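Going by Swiss-Prot, these are the annotated features:
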- 110-115, 165-168, 203-212, ASP238: FMN binding site (BINDING)
- ARG327, THR568, SER629, ARG630, LYS635, GLU636, TYR637, VAL638, GLN639, ASP671: NADP(+) binding site (BINDING)
- ARG487, TYR488, TYR489, SER490, THR505, CYS506, ALA507, GLY521, VAL522, CYS523, SER524, TRP709: FAD binding site (BINDING)
- 288-297: compositional bias 'Basic and acidic residues' (COMPBIAS)
- 104-254: domain 'Flavodoxin-like' (DOMAIN)
- 307-554: domain 'FAD-binding FR-type' (DOMAIN)
- ASN27: N-linked glycosylation site (CARBOHYD)
- 288-308: region 'Disordered' (REGION)
- 47-67: transmembrane segment (TRANSMEM)
Amino acid sequence: MQTDSVQVSPFDLASSLLNVKLTDVLNMSEELTMSPAMKMLVENRDILTLFTTTVAVLIGCVVVLVWRRSFTKKSVTNEVETMKIVVPKKEIKHEEVDDGKKRVTILYGTQTGTAEGFAKAFLEEAKVRYEKALFKAIDLDDYAADDEEYEEKFKKESLAFFFLATYGDGEPTDNAARFYKWFTEGDDKGEWLKKLQYGVFGLGNRQYEHFNKIAVVVDDKLAEQGAKRLVSVGLGDDDQCMEDDFTAWKELVWPQLDQLLRDEDDMSVATPYTAAVLEYRVVYHDKPDSSAEDHSHTNGHAVPDAQHPIRSNVAFKKELHTPESDRSCTHLEFDIANTGLSYETGDHVGVYCENLSEVVDEAVRLVGLPADTYFSVHADNEDGTPIGGASLPPPFPPCTLRDALARYADVLSSPKKSALLGLAAHASDPAEAERLKFLASPAGKDEYAQWIVASQRSLLEVMEAFPSAKPPLGVFFAAISPRLQPRYYSISSSPKMVENKIHVTCALVYEKTPVGRIHKGVCSTWMKDAVPMTESQVYSWAPIFVRTSNFRLPSDPKVPVIMIGPGTGLAPFRGFLQERLSLKEAGTELGSSVLFFGCRNRKVDFIYEDELNNFVKTGALSELVVAFSREGPTKEYVQHKLTQKASDIWNLLTEGAYLYVCGDAKGMAKDVHRTLHTIVQEQGSLDSSKAELYVKNLQMSGRYLRDVW
């Protein structure tokens, strides 16, 4: 029997829809050839509507499901990529979960890495002593992105320790400058840190006027703002043995932390802690891998800095002393054209130099491996887990042993006690090992102070005295030899006069140590021996960077300036005067200026004499006053000339003059400061306390600036 009904499956319907546009279906003419399924859809539009709606919903569900899976995968990928960042500027906040554990934050301000080393050593020992607490060590610059975040985070801290180095003339280190400015110069917040308990350890040198200023100021400010001081501020003195100062301070800290971090029923006695000798994982290579060569001096960073210096060629060099001199002073010019480097008058340049070849030869002999040994150092295990906690210095690029000893190893400084323990651990002679351990022990404190510190014995001399100590390369570079640091110089030029050059004025360091060794300054010797581009196709170059300074001329050129800089202390003032000459030539009105310069003898070491006279002749400098210490029957220094010009100096100060001092911090700068105090007291008819306040106000207002070392 025949029937008019047609049996249509769901697949037939779907096929018809997929092969024909919906608009075409709704407008099809009966004359067109249609499949049975299509005819049914056209004749039953209600079915068509229901079916298409169902299909649309199904397609929508599929799209949403695919999108969510894609988004989830992308989020996971982004999270993994974020974790790959080597040095994140902002802390990952997954530690904010309240798990009931007590947290201790360790913050450090470091210039050469010493404060960071102490902070991380403190962290490692504390982790062993207090296993139930969570410790983290953070660079002060990485702790917060801005002032608001500093405040937000400090409000949450309950226990913190600060390791703060004082740099230059009582200044914070580069990575602590932003924190220090916020914490000491901000609005008075009252006692807003009552929740915080803290300790501070400072790193400084007692020979300098502002000994440990940064640590002392931060310690006082914390207490003023309500925080509870756990122990007195530790005053580490690099002029003696800072490690002993650190140890003594820690012995005051542990009893306090015992009360805070140990359980009440914990009556156990802490096991004596012995720090592990740090060691890199070392991989030896048959030959240099060109893909692993050090390209750091091509930089690749937008702004060169201490971690990312830029290669700069030596463009020009000349000796500034006359042949009659028994000393040396080098004028050297770095070519910074097309390097991305720029600077302002008064800035500093940091220069990375290599150890002298004779020093490297001696170091290679004492290490006991071939100079062409090619290797790389790693701060992680083969499976990627970190080695030695948080204390290992950052690895340097793969290179030969000779290059590593030349570029990265400070082998001429006196070894720290931790280095002696590293040598002892790898001394095959038991007597030598015991002797090294004794020197590093509390019992050997006096002998260490005499045999190493006072005698200025270098690491190489100590290794020579203990020939059986042959540490492996991983130990030598991680625990024994400190990293060679950049040398900083006041730039002696102005970009307004020499845009593509950085000028440096450097006195040669050449002196005999108490044990008779001739010590040659690493960077000053390199500069003296440098070969400029104008003299050879094989010329000298160095990785350099610019460090911003607050040593600036007044923004108003009409403000008077007083400059005091004997010897190489003249360097930044040469830049000042170049800038003033440039302004003068452009028609700018200048305020009066006086320069106090000092040297031994006009015929021997009167550096830049012709230039200084020209500055006077052109009006860039109003008056040049020179003190010669070896010409007359009596020695005359810049402070004596200041006294002779006391009335003029006072008049300039009352007119709003800026006063600048550059040079030796331990001697000259102290003498000039005392002389200035006397001038203010006598010329201003003030008592001693008011004169001291006047000078302090000059400093606070930025009118008395010092660039001293």
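Just so you know, glycine gets a Cβ as well, placed from its N, Cα and C.
LYS635 (NADP(+) binding site) sits 27 Å from SER524 (FAD binding site), taking the C-alpha atoms as the reference points. For the pair ARG327 (NADP(+) binding site) and ALA165 (FMN binding site), the Cα-Cα distance reads 33 Å. Long-range C-beta contacts of ASN205 (FMN binding site), restricted to its own chain and to partners at least six residues apart, with a cutoff below 8 Å, comprise PHE211, ASP237, ASP238, ASP239. On a Cα basis, ALA507 (FAD binding site) lies 17 Å away from SER629 (NADP(+) binding site). GLY113 (FMN binding site) sits 14 Å from ARG487 (FAD binding site), counting Cα to Cα.
Separation of the C-alpha atoms of GLN639 (NADP(+) binding site) and GLY168 (FMN binding site): 21 Å, rounded to the nearest whole number. Counting other C-beta atoms within 10 Å of each candidate's C-beta, the binding-site residues THR110, THR505, GLN639 are led by THR505.
In three-state terms derived from DSSP, TYR208 (FMN binding site) belongs to neither a helical nor a strand segment and is classed as coil.
The binding-site residues recorded for this entry are THR110, ALA165, GLY168, TYR208, and the Cα of GLY168 lies nearest to that of THR505 (FAD binding site). Within the same chain, residues at least six positions away from SER524 (FAD binding site) with a Cβ under 8 Å of its Cβ are THR330, ARG487, CYS506, ALA507, LEU508, VAL509, TYR510. DSSP gives VAL522 (FAD binding site) a helix state. Looking at GLY168 (FMN binding site) and VAL522 (FAD binding site), their Cα atoms lie 20 Å from each other.
The Cα of TYR637 (NADP(+) binding site) lies closest to that of TYR489, out of the binding-site residues THR110, ALA165, TYR489, VAL522.
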